[in-house]
Amino acid sequence: MDAGLKRELEEKVYAGERLTREDGVALYESDDLAWLGRLAHHKRTEMNGDRVMFNVNRHLNLTNVCSASCAYCSFQRKPGEKDAYTMRIEEAVRKAKEMEDEQLTELHIVNGLHPTLPWRYYPKVLRELKAALPNVKLKAFTATEVQWFEKISGLPADEILDELIDAGLESLTGGGAEIFDWEVRQHIVDHACHWEDWSRIHRLAHSKGLRTPSTMLYGHIEEPRHRVDHVLRLRELQDETGGFAVFIPLRYQHDFVDSADGKIRNRIQARTTMASPAESLKTFAVSRLLFDNVPHVKCFWVMHGLSVAQLSLNFGVDDLDGSVVEYKITHDADSYGTPNTMHREDLLNLIWDAGFRPVERNTRYEVVREYDAPVPLAERRAEPQQVWA
Ligand code: SF4
């Protein structure tokens, strides 16, 4: 990038001016990672100071049986496949109860698009979970699932959301977004929920008072301009509703053979690599700079590893998800040795070690507990330091 354009972009960021599509593409063309990080850190500090939010949550996947076969997905199974499963309601409640420790505040529930489970199953699960864990917030279902519920119930999303909210739904999840541009989307997505429906369902959720997350699956066959386009669509919707609490760039993962049947399900990995750590940090930084009206940018450490998660805090990220147990959707793909559990203490240390102040939040991004500022590294040199994978 020439020095003039660099200066121009810098001036825009420091003046708080909104960046354009062309600016976004230009930022992705820069390999000056330190510069990108500095700009994103300025923006992030302006919005969130030295705070890093985290929550104590668990992931629950009710079924991996799915009618779709998205090209990147390692999670889905067809009915009758060896490791296909569907939880009975009492099984889901038992599993959730087993995970109820460390003052759990959130259950994150996403599932395959099961071909024969009736719509009634879903609100019933939420009701039973809410009765069993009254203090735990239920963040459940992607827009893709809500659209699936429309199909299997014949009800409009309006009524579906009302019933789910009545059953205890606190927030939708952000999945199903992948990359909205059809040029890419047609090659990776097999379900029927694209930008028009995804945005319709989140808009509706926002109108009912829910705050929802937004996501982007990056690092596969898309180009930077598709990432920019994706974020700008979300930014425009956010201008309209203000209902997105957070943006979560999710790193695409190859499928490593660790499933019970030894099958590789990912159909695009021959055509692509995965995003490198540098590319991930760049994506966090550009996302923070472009998506200027979303309050938080999250690193889902399960998909990035702990080292990148820690560094991402200097590249625009101010939110870490979470203390996860059993994250199946990418853990069916991950062979990097990333742990699938982080406890509250681990997260606190990760954040303090990076020089930030941890803040525990709930699903609505309300503060549950503020923690002390970090002790400077210079004052604890004598202690053994933790090494993050
Ligand atoms: S990404 Fe979701 S909808 Fe697509 S195949 Fe996997 S589980 Fe099914």
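Note: Cβ is positioned from N, Cα and C throughout, glycine not excepted.
Fair warning: this is a prediction, and the values are worked out from it, not measured in the lab.
Features reported for this protein in TrEMBL:
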{"type": "DOMAIN", "residues": "52-279", "note": "domain 'Radical SAM core'"}
{"type": "BINDING", "residues": "CYS66, CYS70, CYS73", "note": "[4Fe-4S] cluster binding site"}
{"type": "BINDING", "residues": "GLU178", "note": "S-adenosyl-L-methionine binding site"}
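Shown here: features listed in TrEMBL, placed on the structure.
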residue	record	DSSP (3 states)
CYS66	[4Fe-4S] cluster binding site	coil
CYS73	[4Fe-4S] cluster binding site	coil
GLU178	S-adenosyl-L-methionine binding site	coil
In the chain carrying CYS70 ([4Fe-4S] cluster binding site), residues 6 or more apart in sequence that have Cβ under 8 angstroms from it: GLN76, GLU178, ILE188, VAL189, ASP190, HIS191
Mean per-residue pLDDT computed across the domain 'Radical SAM core' (52-279): 94
Neighbours of CYS66, CYS70, CYS73 excl. site residues, C-beta within 8 Å of centre, [4Fe-4S] cluster: ALA68, SER69, TYR72, PHE75, GLN76, GLY112, ASP190, HIS191
Listed binding-site residues with Cβ under 6 Å from ligand 1, out of CYS66, CYS70, CYS73, GLU178: CYS66, CYS70, CYS73
Nonlocal neighbours by CB distance (under 8 Å) for CYS66 ([4Fe-4S] cluster binding site), same chain, sequence gap 6 or more: CYS73, PHE75, GLN76, ARG77, LYS78, GLY112, LEU113, HIS114
